[in-house]
Amino acid sequence: MGRIDLTLLSDQLNVYFIAGSRDCTSPLPLVLNEAIAGGITMFQFREKGPGALEGQMKKALALQLFTQCKEADVPFIVNDDVELALQIDADGIHVGQEDEDAASVRKRIGKNKILGVSAHSVEEAYRAIEAGADYLGIGPIYETSSKDDAEEVKGPGWIRELRENGVDLPLVAIGGINTDNGSDVLHAGADGLSVISAISKAASPFEAARELKALFDQ
Ligand SMILES: Cc1ncc(COP(=O)(O)OP(=O)(O)O)c(N)n1
Ligand SMILES: Cc1ncsc1CCOP(=O)(O)O
Ligand SMILES: [Mg+2]
């Protein structure tokens, strides 16, 4: 049995903000400060795509954001880059089907870090669980403009389908999620809502995070 407490994790996934420097119009540390004040429960550093920082600049930004998260007790997850996650001793890593194999990542990070894996079919979900995933990222639920190579839109019914097929690991939904459609996603069986643009491009990241968090109090 791993060290990760899955009951605690399902709450930590509630408002899962994901961003890299190019997702924001103001500096990411400022956006993250507001998002934290608004009540996000987890953060994923996803620095990729054209114009993304690399090497030491990427690491320096990761360390700055990680410090902010630590001060607020918000788990800090690194997207894709297992090496970086290990170097800075992040709280966890998220990988997809095109990234390093989840079982190999689990071996490298040990039992004490959170491992999130994207799944697009019941089969992928079961394979990820077998490989040692702590939670699954499920999507895209709705249309997204934040990921160029996103798979086809699946709708919230897909979350229900996974639950009906016995997938009981914490699930976080992703893709086009906002305060208007978030409750449909939760009613379908997701533990959490992961968002990029709903917070990173909001006029007030603080208000956006606060409104997403409020969906869990209803
Ligand atoms: C919580 C969460 N779910 C899914 C993803 C997507 O991961 P992936 O399919 O590897 O795509 P990229 O984000 O790496 O472009 C995610 N990052 N987080
Ligand atoms: C990383 C990722 N994986 C599937 S959709 C997506 C992007 C989600 O961004 P947004 O919340 O802006 O739709
Ligand atoms: Mg990936």
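Each residue, glycine too, has its Cβ placed from N, Cα and C.
Just so you know, TrEMBL annotations are computer predictions that nobody has curated.
Residues Gln44, Phe45, Arg46, Glu47, Lys48, Ser118, Lys147 are given by TrEMBL as 4-amino-2-methyl-5-(diphosphooxymethyl)pyrimidine binders; from Asn79, Asn181, that same site also lists Asn79. Residues Asp99, taken from the binding-site residues Glu47, Asp99, Ser118, are distinguished by a CB atom under 6 angstroms from ligand 3.
Rounded to a whole value, the Cα-Cα separation of Asn79 (4-amino-2-methyl-5-(diphosphooxymethyl)pyrimidine binding site) and Asp99 (Mg(2+) binding site) is 10 Å. For the binding-site residues listed here (Glu47, Asp80, Asp99), the lowest count of other CB atoms within 10 A around the CB belongs to Asp99.
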